[in-house]
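Have a look at the structure below, then the notes.
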Amino acid sequence: MIKMRPSKLSLVSVILSVLLFSQCVLSQLQVGFYKDTCRLVEFIVKEEVVKAIIKDRGLAAALMRMHFHDCFVRGCDASILLDSTPSSTAEKDSFANNPSLRGYEVIDNAKARLEVVCKGVVSCADIVAFAARDSIEMAGGLGYDVPAGRRDGRTSLASEIIGNLPPPTFNVDQLTQMFTNKGFTQEEMVTLSGGHTLGRSHCSSFSDRLYNFSGTLKQDASLDPTYAAKLKQQCPQGSTDPNVVVPMTSTPSIADAGYYIDILANRGLFTSDHTLLTSPATANQVAENAKNPIRWKAKFAAAMVKMGQLDVLTGSEGEIRANCRVINS
C-alpha cells in the first residue's frame, strides 16, 4: 500500500484558505467536514488517485475535468457519475462526455473503501472534489483545502449538457456569457480554461479547425500551419475512430502555463482556445498567465475552490449514495 502523508500547507494555500473562508461559510461547506465522522477520507481518496495516476498519468487531467463537468451541470452533486437507465440517458453518456471522460473507476474504488470504514457518511460529490484536488497536485499544480459537505443528487440528464457545458466551438462572447451565468468573472474563465484543457481530445472535437464544411483541406487561417499539418496526420478528414486522440496542450499531463503559451503561438486546439486572443481583455490575461505561471497556479486553485461550490446540495438535501453509479433505492 502507498503510504501517504498530509501535504504541507504552502503560504499560497494558507492565503487562499483565508480569502475563501467567507465563501465556504456561505455555501455551508466546511474544510475538515469529516474530521469527526470519517477522519481518513482524504487519505483514502488520495491513495486511490495516486495509485491510478502512477499507472496512467492521463487520469490526472481526466479527474480534473470530471469535477468541472459535474459542477457545471446541476451543480457539484455527482450527477456525472450516475449510469443511464432504460428510460433516461445520463450525463456521462452524452456526446460531451462519452467516450472522452474517464476515471470513474477511481471514484468507485475510493467509495468502496470508504463504505467499509465509514458507511453512508461520505458523498460521491465530495470524493470527486477531493480527487480533482489530488490530481492537480499530482500534475504539478498547487494543493488547496477542499471545503466539504456536499450531498449527492438523484437526477442526471444528458439533455442538460447543452447550455451548461461550453462547447469547443464557442467564441469569446459566448464563453464569457456562459461563465457569467455560473457566477464567474472573465478572468476566472480564462484561468479555469488552462486546467480544463489538460489531457487529450478526440479528432471530432476540433475538426472545424482543420477542414471546412465544403470538404477541402483548408484549415483555419489562425492555426499555425506546422501544427495544423501535424494534426491532419493524426486526424485524417472524417476520422471517427474513438481511439484516436491528440494532446490538448503541449504538456497534456502537467498543470502549467503551457496552454497559454500554445495559444500565443497559434496552437490552440479548439476554436474556444484561439478565441481568447480576439478580445483585448482575455488576450492580456492569456499573456499574463503565460508570463507568470506561479500566479496562474494560485489563481487556478482559488477558481477550483469556487467552482466546487456551484449549486451544491447540503444538509438534508439530496442523499449520500451507497454506490456512486446509482441512486439509493
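Counting starts with 1 at the first residue shown.
Heads up, the Cβ atoms here are built off N, Cα and C, so glycines get one too.
TrEMBL has this to say about the protein:
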ACT_SITE  His69  active site, proton acceptor
BINDING   Asp70, Val73, Gly75, Asp77, Ser79, Glu91  Ca(2+) 1 binding site
BINDING   Pro166  substrate binding site
BINDING   His196  heme b binding site
BINDING   Thr197, Thr251, Asp256  Ca(2+) 2 binding site
DISULFID  Cys38-Cys118  disulfide bond
DISULFID  Cys71-Cys76  disulfide bond
DISULFID  Cys124-Cys324  disulfide bond
DISULFID  Cys203-Cys235  disulfide bond
DOMAIN    28-328  domain 'Plant heme peroxidase family profile'
SIGNAL    1-27  signal peptide
SITE      Arg65  site 'Transition state stabilizer'
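Among the disulfide-bonded residues Cys71, Cys124, Cys203, Cys324, the ones whose Cα sits within 10 Å of the Cα of Ser79 (Ca(2+) 1 binding site) are Cys71, Cys124, Cys324, in sequence order. Other than Asp70, Val73, Gly75, Asp77, Ser79, Glu91, the residues of this chain whose Cβ falls within 8 Å of the Cβ centroid of the Ca(2+) 1 site are, in sequence order, His69, Cys71, Phe72, Arg74, Cys76, Ala78, Ile80, Gly153, Ser156. Of all the binding-site residues listed here (Asp70, Asp77, Glu91, Asp256), it is Asp256 whose C-beta has the fewest other C-beta atoms within 10 angstroms.
It is 31 Å from the Cα atom of Cys324 (disulfide bond) to that of Asp256 (Ca(2+) 2 binding site). Val73 (Ca(2+) 1 binding site) counts 27 other C-beta atoms within 10 Å of its own C-beta, drawing on all protein chains shown.
Cα of Cys38 (disulfide bond) to Cα of Cys124 (disulfide bond): a span of 14 Å. In this structure, the disulfide-bonded residues under consideration are Cys124, Cys235, and the one with the smallest number of other Cβ atoms within 10 Å of its Cβ is Cys235. Proximity to Asp77 (Ca(2+) 1 binding site), defined by a C-alpha to C-alpha distance within 10 angstroms, is shown by the following recorded positions from Cys71, Cys124, Asp256: Cys71, Cys124.
Checking each of the recorded positions Asp70, Gly75, Cys76, Asp256 against Cys118 (disulfide bond) by C-alpha distance, the shortest gap belongs to Cys76.
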